[in-house]
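Structure record follows, encoded as structure tokens.
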There are 4 protein chains.
Amino acid sequence: MNSQSHQFIQSLQDGRNVWINGTKIDVTTDENFIGTLRTISGLFNMIDDPLMRNLVSYPSPKTKKFVHSAFLVPHSYGDLLQRRIAFETWSQTTDGVMSRLSDYARSRLTGWYASREDYKKFDAHFPHKMKAYYEEARDKNLFLSVVQRDPQINRANQSFKDINDLGLLRITKKTSDGVFLSGAKMIGTAAPYSNDLIVYPLTNLKEEQKSIAHMLIVAANSPGLHMVCRESFAANQIKKADSPLSTRYDEMDALLIFDDVFVPWERVLLYDNPDALLQIKLNPASNGLAYHQAIVRLLTKLEFVTAIACEVAEAIGADVYLHVQEKIGELLIQVETIRALLIASEREGKLDQYQTFIPNFTYIETARNLGTKYYPRAIELLQLIGAGGFIQIPSSVQDFQSPLSDLLKKYYKGANLDAERRTKLFKLAWDLVGSPLGSRHELYERFYAGDPIRNIANQYNNYDKKRFKQMLEKHLDD
Amino acid sequence: MNSQSHQFIQSLQDGRNVWINGTKIDVTTDENFIGTLRTISGLFNMIDDPLMRNLVSYPSPKTKKFVHSAFLVPHSYGDLLQRRIAFETWSQTTDGVMSRLSDYARSRLTGWYASREDYKKFDAHFPHKMKAYYEEARDKNLFLSVVQRDPQINRANQSFKDINDLGLLRITKKTSDGVFLSGAKMIGTAAPYSNDLIVYPLTNLKEEQKSIAHMLIVAANSPGLHMVCRESFAANQIKKADSPLSTRYDEMDALLIFDDVFVPWERVLLYDNPDALLQIKLNPASNGLAYHQAIVRLLTKLEFVTAIACEVAEAIGADVYLHVQEKIGELLIQVETIRALLIASEREGKLDQYQTFIPNFTYIETARNLGTKYYPRAIELLQLIGAGGFIQIPSSVQDFQSPLSDLLKKYYKGANLDAERRTKLFKLAWDLVGSPLGSRHELYERFYAGDPIRNIANQYNNYDKKRFKQMLEKHLDD
Amino acid sequence: MNSQSHQFIQSLQDGRNVWINGTKIDVTTDENFIGTLRTISGLFNMIDDPLMRNLVSYPSPKTKKFVHSAFLVPHSYGDLLQRRIAFETWSQTTDGVMSRLSDYARSRLTGWYASREDYKKFDAHFPHKMKAYYEEARDKNLFLSVVQRDPQINRANQSFKDINDLGLLRITKKTSDGVFLSGAKMIGTAAPYSNDLIVYPLTNLKEEQKSIAHMLIVAANSPGLHMVCRESFAANQIKKADSPLSTRYDEMDALLIFDDVFVPWERVLLYDNPDALLQIKLNPASNGLAYHQAIVRLLTKLEFVTAIACEVAEAIGADVYLHVQEKIGELLIQVETIRALLIASEREGKLDQYQTFIPNFTYIETARNLGTKYYPRAIELLQLIGAGGFIQIPSSVQDFQSPLSDLLKKYYKGANLDAERRTKLFKLAWDLVGSPLGSRHELYERFYAGDPIRNIANQYNNYDKKRFKQMLEKHLDD
Amino acid sequence: MNSQSHQFIQSLQDGRNVWINGTKIDVTTDENFIGTLRTISGLFNMIDDPLMRNLVSYPSPKTKKFVHSAFLVPHSYGDLLQRRIAFETWSQTTDGVMSRLSDYARSRLTGWYASREDYKKFDAHFPHKMKAYYEEARDKNLFLSVVQRDPQINRANQSFKDINDLGLLRITKKTSDGVFLSGAKMIGTAAPYSNDLIVYPLTNLKEEQKSIAHMLIVAANSPGLHMVCRESFAANQIKKADSPLSTRYDEMDALLIFDDVFVPWERVLLYDNPDALLQIKLNPASNGLAYHQAIVRLLTKLEFVTAIACEVAEAIGADVYLHVQEKIGELLIQVETIRALLIASEREGKLDQYQTFIPNFTYIETARNLGTKYYPRAIELLQLIGAGGFIQIPSSVQDFQSPLSDLLKKYYKGANLDAERRTKLFKLAWDLVGSPLGSRHELYERFYAGDPIRNIANQYNNYDKKRFKQMLEKHLDD
């Protein structure tokens, strides 16, 4: 049978250069990747499952085969809800802990596709290049990732520094067939699992920096492209019971090194064009649809932390204390605030000139900016509720098979549950609060959308402040 | 002409005992009250104004005369919006600074009226007493206030203390006509402007405390009822230009001393009944409608602070700095978060068994709990933006008439406005940041709905946590 | 008798131009100033009081008459303690609420005097000008103030703006006798009570801005110098019992407008010299001695807030609650932290090359930077402890003389004190929490030492980080 | 040769029951413990090293052999400094990351020993039992640990719960030789490396709970005593270069299960005596000396975090940004505040009635309470400085030996250092920010001294507030 997951796994056996611990490996077999691959495959398989299919996919208008709903161009509130349900389904299956399962990048692409005519003024080829690639990605259900950041070599003012010395990604040669690239990009989240990478710079560039101002689709198996992974958090698959999240949900982050990588012209969407890049990064459909997905996922993740916090509080009998109730109350306030912003963004969505129904970005942006503070605080609250108990967890859920089993059962039980279930619960909590995966997620939520201070400042810069001036008129004008 | 405001002012000349600075005064003529009375009258007059009428009122089903929309029992999302518009109209006219213009108390009453049959089980007379009073209040457009708190004599555990010594309001005598009351209640916000006071205890009482467990409608001019006011912030009406908010919007807070006050049975809604009081305080319609008003008002107030912050930043050329943009960004996040919660509460409203369309209380409650932290932070942000400039404002806008006028105009101007307008703006800001009225509002927002810690804890206690348990099943049950 | 206070009051009757409410007034008689003048006079009289004299003064080495200890050049730890005791004595008399009673400026001057030879390289006349002025100020016990800030006209990047348009203070003419000045300076705290003003720019200037790079001693009664006051918080002297702090401790802040003001050369300490100004502002003796005074005062103020918080908590019986105890605990942590920093700064003081014993500035600076956050938080904590009770204070302590007296005594009493004492306590607390004086102090503590963010950043920039590098060697070098 | 470390390692081969991953192991050979054992041995060896000896030890008055300075009863400021230097030396060797290297417990013991006569009133045998044990521990340089907490089974009000069901440690039998114990205790930090455990309850007990009110010295190899370890963070000794802290400094935390453990009477210091336990826990000498050690260590740890933060900021060129400078400035403020509190505690120390020179506990307590907030904030600041860079670290420092070495060197370098050194630095930082060891330390600093809220509240409860009342007299008494 040629299931979605089978196709997907096959597609990763394409000669890609994935490096970890100094060795080039095959992601479909390496122990560092196998746990996560299994999780992703399960998600992909939902399209094959008659019971799940409608939750996550819709028939491609071209092939009539089912494709993921992230590719659906929404023309109504109902379409937007269909997208939400798909994101929710995947998020709930993965507890909101997997962030970049291609649905974010697919949504970005779908937004650009829907407004592709806007960019004809920058490059006459853009609309049909975009259409061709979007249709290919959609109909093949490609796993896509977006990569934007420059290597962290020197963050000081770089205007007069050497592009090569800073390791910035640049075109080194152009031919009639395409371009050659050198330099590096980070953070390639989920890159080892991706079919294609959508690459463009995070920073807004000036005209004199046009040699690094490109938007490209790069095949993950391009010769010369090296994906250099950080330490895997999922290496120890034997520890699945002790590290239920790390062993299943580690998306991996990779530094992408481009060592003379070729990209054909049809996948060079924009080049040498800082102004076009700025415009395309501000594209309302792409931002609206992509961050809509991000907020749906954030909501599930905050609910997951809250669920654990409730259960831990009950397990140790701490739920009767006012200050613990207040802490969980604060978690619930986070959850309901993000949910309200999501609802408002959908309810106050609008059709744009291309009849794309875009969620209201003010609410999306507010939720996203709150998220950078909410998540670290949620983890801190969970920490404060479990307190010393998180330090004193049995070394493994296997300990209950030891000669000491009876004593452990007696002294590790909780207020309302037995010792083994309590241990599973605390291991689960610790995997968020205390593991490298958990720490990485705290960093991820703070920074995935860019510098949080600048993002909040931009909420001011982009706001229509006219109404505010009118509010003061009666006091200032008489 | 017998306008709304004329009727209202006449209704206050009823022999009520209002005390300030050791003297009993007439609120319709005393300088401490005249500024605010003018503001309230203006609001009441909107019902007479053909252009405004539809924004704030609707025809009474009984009299066909226009009455305030706070009395409208909503049966649909549209009805709820009509209520919102009325609250918004009054709030925007008063910059969200006036909190208890009777619309909150009217909404509470309307909610109880709509669900009055629920309380028949506690007292068979409740439904028709409630109906009779509601219709009277509605059709006379009565100004109502709610008063709940006990005097702040001793907050330590009071179970074995003497009720008299703690000054708690209690029935001292019952006759066939009604009851006599002694004790005190605070904080009677807007009490001196009220026609009737709705009185019941804030605290949940136990069976042994039933002698203080009552719900009463008390006429403001009841013999023996003394309203003892705090310092007026509106005393200096000559300073209107220098204190634009204090001189217009001071609602006043009064300690209510009951010295053998008589209340007839038809206005004793519940008595000697801790359980009934607990239930009626939890009434979803009453809470939903009353706090819906509170959130509409909060939103306007936060927008007002944000508007001032934007203008101050521009006035001193500080709007170009990232950290100032971030601060205003944070204010905008507050505004849009509260707006989203308001929208979600309305959109996710539901009909109850009496066909009352009640806003979703989870979002209302979340907004209310956030408000206790948002407002003080908003004021702090405004403080941080204006900084030292708030200390160095001219002593009065009149200073520009002095011999020094030309020099003042030169040195007090701003980046984008002249010195007089800049001075007006800074006086306006200072009236929020630095005046007693401003300080009182910070306290008000923190505490008006009760102990903020307990309220947040209650959000946990009342939450349906079943869904959370389900989220963890896959990790704990295998 | 020619007491200190008599001399001081006389010295203010010198024709100075002090403006308030559009009128030029005499600070020694005007009701807006009289309350504070009385407080300052009391402090000055301590030098005449044989019982207090040793606490606040020492015999001038030149005249043998007693002068304030702020003028004492410390040569030992003991001398530094003598200075501390003088500052403590004045601070405790004024509850730490008066910040600029000349002792700060006198300390700055003393530090420069002690290191005057350091600045010979910039101007050969500096040492003897400084010596002559220091001795005059010391032996006449002059009231001095420092004024540094530019008018708040446009804080955006000013490099290419017009100096005149920004109102910056500049020399407009030089003659053989001295210089003429035009422009403005803020915030002239206590300026109306000062004999001389020490004027120099807050900002570090570049060579091209040398036309505004001066350090000057300006007589407060210079023709053409206008002191334009903000609103007085002490105007209502009848309200002394209701506003115990505002009516006694309002130091006043004035905008200083220089309209062709003449300063003779002997009081032009430095001119046209950005580099010299930068160096003199960094002078360790001047900074160390001046901020040492500031920390002593801050400590008393924080103790005062804590004292009120303790008393309020007891008065309402709230001291039994854990969360109230925690809040006061936080106040105590503030107090003891600042005290420890003060002790460490004195104990770890060092002699400089001129044998001046300077307190360790790292601890002083740390205390100062903490203070900008501690004080606003202290006020917030006090607010949270008193809560709604701060809103419901009788309009005046005079209310207890009214016909309602008995009822007020019954319902305004506290857990451990009678109604009148409770009212005095709450009026005192409100004067910090709710009055314009209180709000101004919150702004003062945040900003008096300049931009708090930049000050904290400077703590990094000026720190000797070598030791830190050594700490990491064992991990990085093998 | 019979070095300190040799003796120490031998002393651990005593048949103790240490369990990890379901297996009983030998801590002197097991891979989970070997890294830390090596570190501890190095510290112990300092006593043998003629160059280090004077820094960490002094001659026993009894044996004249060198013993650790934690056993020194200080009689002067100088003695206290000698103690500080010993703590500093060990802390700096272990970067402040090892908290319970026996010096804390030794200090506790030394304080009790010095004031042993105080407890004669509770038990006539206490003084000589204490003396005998102290001298044995001192002269054998025993590794001691304190264990206080009950198992986290049910934190709700336990007054009527079953002691057995809650797993509380209790005496099950008394004989003429001693007592038998059953129940459990956590968190036994460093217990597997200890010779003896000092066991007593954290909670203050009531008379009716006297069956669990004991103070005992328990030999680590007592039959029936099981030490059940959490997961080891030091298991992977091959990863020393990638986890420089985890592999060297993991002290381990163990649940101690007492399954009929015998303790002879001479080591039962107090029993069945809630009142005596309360008093001994409040002992000023024991608290002062033990927490003095804790603060010395905290200071080093905060310096270590700050050192890493400085280096990371420079490595990525972020040290030029104001907001990064502010963040490191905040870290420096933490460091200098704790240092000042330490200095003040020593300088303001006092001799007690037994001529023990005890550091001023107010400053110690303040530092300890600040520490519970400072450390988590320090880690957060480090997180914010390194940002996304902490996610994208090479999988191992070994990666630089791979075929990709040249590319890695190019793209992983920093602003001022090469790629390998940068990688070591980031691995070091990540071991604090992102590893389980780092997360455990965040929990440790928050909770090691008990409930932080209660500790802050106690600072209020134990404070002498008389002075505060005096400060208000002038305002309230006239």
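Every residue gets a Cβ built from N, Cα and C, even glycine.
Record features, source TrEMBL:
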type	residues	note
DOMAIN	A:6-270	domain 'HpaB/PvcC/4-BUDH N-terminal'
BINDING	A:Gln152, A:Ile153, A:Asn154, A:Arg155, A:Thr189, A:Asp451, A:Pro452, A:Ile453, A:Arg454	FAD binding site
DOMAIN	A:289-476	domain 'HpaB/PvcC/4-BUDH C-terminal'
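Averaged across the domain 'HpaB/PvcC/4-BUDH C-terminal' (A:289-476), pLDDT in this predicted model comes to 97. Looking only at the binding-site residues A:Gln152, A:Pro452, A:Arg454, the densest Cβ neighbourhood within 10 Å occurs at A:Gln152. Set side by side, the binding-site residues A:Asn154, A:Thr189 differ in how many other CB atoms lie within 10 angstroms of their CB, and the most is found at A:Thr189. Contact with chain D, taken as any Cβ pair under 8 Å, is found for the binding-site residues A:Gln152, A:Asn154 out of A:Gln152, A:Asn154, A:Pro452, A:Arg454.
Proximity to chain B, defined as a CB-CB distance below 8 A, holds for A:Arg454 out of the binding-site residues A:Asn154, A:Pro452, A:Arg454. Largest CA to CA distance in the FAD binding set (A:Gln152, A:Ile153, A:Asn154, A:Arg155, A:Thr189, A:Asp451, A:Pro452, A:Ile453, A:Arg454): 22 Å, whole number.
Taken residue by residue with DSSP, A:Thr189 (FAD binding site) is part of a strand. In the three-state DSSP scheme, A:Pro452 (FAD binding site) is classed as helix.
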